[in-house]
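Enquirer: According to Swiss-Prot, the protein carries these features:
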BINDING   Glu46, Trp47, Arg48, Arg82, Arg213, Ser232, Gln236  3-dehydroquinate binding site
ACT_SITE  His143  active site, proton donor/acceptor
ACT_SITE  Lys170  active site, schiff-base intermediate with substrate
Amino acid sequence: MATVKVRDVVFGAGAPKICVPMVGRTLDQLVNETEVLKVLDFDLAEWRVDFFEHVEDIEEVKSALFEIRARLGEKPLLFTFRSKREGGQREVSDDYYGALNKALAQTGEIDLVDVELFQEQSVVRELVDTAHEHGVKVVMSSHDFARTPVKEEILMRLCRMQELGADLPKIAVMPQNASDVLVLLDATNTMREHFADRPFITMSMSGLGGVTRLAGEVFGSALTFGSAVEASAPGQINAADLRNILNLLHMQT
């Protein structure tokens, strides 16, 4: 399987990389979050722009991005607008979703962009092309906050993301019981052994799925999310604790 390098971070080699989301609603809150990140051990930051109060003004988003980028130094930055139907804070039109992500990919200030698999397919294809034209990696994602699909469905979505040009396919699902967590882990292992030609990301959410955020090196997931100020999804573990646990598990593998 190939690796994916973003700045100095290599996905698909060694322990899962740690991504810390920034979820500030105002620019001041975002600036405060970047100050907290300065003392954390993590690999990349994610700006969850759907939390931002001015998210429907592209110029305001760009202005905030320039401030964030300047404060993050050489840490890679993932830009994410999470739609409400996939667990985010708000819904926008397909046209605006495409325009926002395209405009930010063209700034040269982000390293990765999240593209939801189930957005309008013409929008998905255009965003993948635009991102790659500007040297931006694509995290293509699917989130199910209601259930855990069957193993075959999880594999189908991840393989479809590869076909569409995702650099890092990603799926997050909600478990109802321990068996659901095992379904996600089994799918992850099967993806790694039989279908993946690039790093990918999987997780089972909530406290019940917490083990999947820790076991990526064993089963095949290349990235995990840890919280700093506020979690962006159920089950996220504090980033400092996450690093300690991942390091311990890495020494045993």
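Just so it is clear, glycine is given a Cβ too, placed from its N, Cα and C backbone atoms.
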Enquirer: If I take the alpha carbons of Arg82 (3-dehydroquinate binding site) and His143 (active site, proton donor/acceptor), what is the distance between them in whole Å?
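Expert: Just about 9 Å between their Cα atoms.
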Enquirer: Let me know how many other Cβ atoms fall within 10 Å of the Cβ of Arg213 (3-dehydroquinate binding site).
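Expert: Taking all protein chains shown, Arg213 (3-dehydroquinate binding site) has 24 Cβ neighbours within 10 Å.
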Enquirer: Could you give the Cα-Cα distance between Arg213 (3-dehydroquinate binding site) and Lys170 (active site, schiff-base intermediate with substrate), in whole Å?
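Expert: Answer for this pair: 13 Å between alpha carbons.
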Enquirer: Give the number of CB atoms, excluding that of Glu46 (3-dehydroquinate binding site) itself, located within 10 Å of its CB.
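Expert: The answer is 22 other Cβ atoms.
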Enquirer: From the recorded positions Glu46, Trp47, Arg48, Lys170, Gln236, pick the residue whose C-alpha lies nearest to the C-alpha of the residue listed as 'active site, proton donor/acceptor'.
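Expert: If we rank Glu46, Trp47, Arg48, Lys170, Gln236 by Cα distance to the residue listed as 'active site, proton donor/acceptor', first place goes to Lys170.
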Enquirer: Let me check the 10 A CB neighbour count of Trp47 (3-dehydroquinate binding site). How many other CB atoms are there?
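Expert: Step by step: centre on the Cβ of Trp47 (3-dehydroquinate binding site), count other Cβ atoms within 10 Å, giving 28.
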Enquirer: What whole-number Å value do you get for the CA-CA distance of Arg48 (3-dehydroquinate binding site) and the residue listed as 'active site, schiff-base intermediate with substrate'?
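Expert: With distance taken Cα to Cα, the residue listed as 'active site, schiff-base intermediate with substrate' is 16 Å from Arg48 (3-dehydroquinate binding site).
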Enquirer: Are there any residues in the same chain, six or more apart in sequence, whose C-beta is under 8 angstroms from the C-beta of Gln236 (3-dehydroquinate binding site), and if so which?
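Expert: Non-local contacts for Gln236 (3-dehydroquinate binding site): Pro21, Arg213, Phe225, Gly226, Ser227.
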Enquirer: Between Lys170 (active site, schiff-base intermediate with substrate) and Glu46 (3-dehydroquinate binding site), how many Å separate their Cα atoms?
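Expert: Between the alpha carbons of Lys170 (active site, schiff-base intermediate with substrate) and Glu46 (3-dehydroquinate binding site) there are 14 Å.
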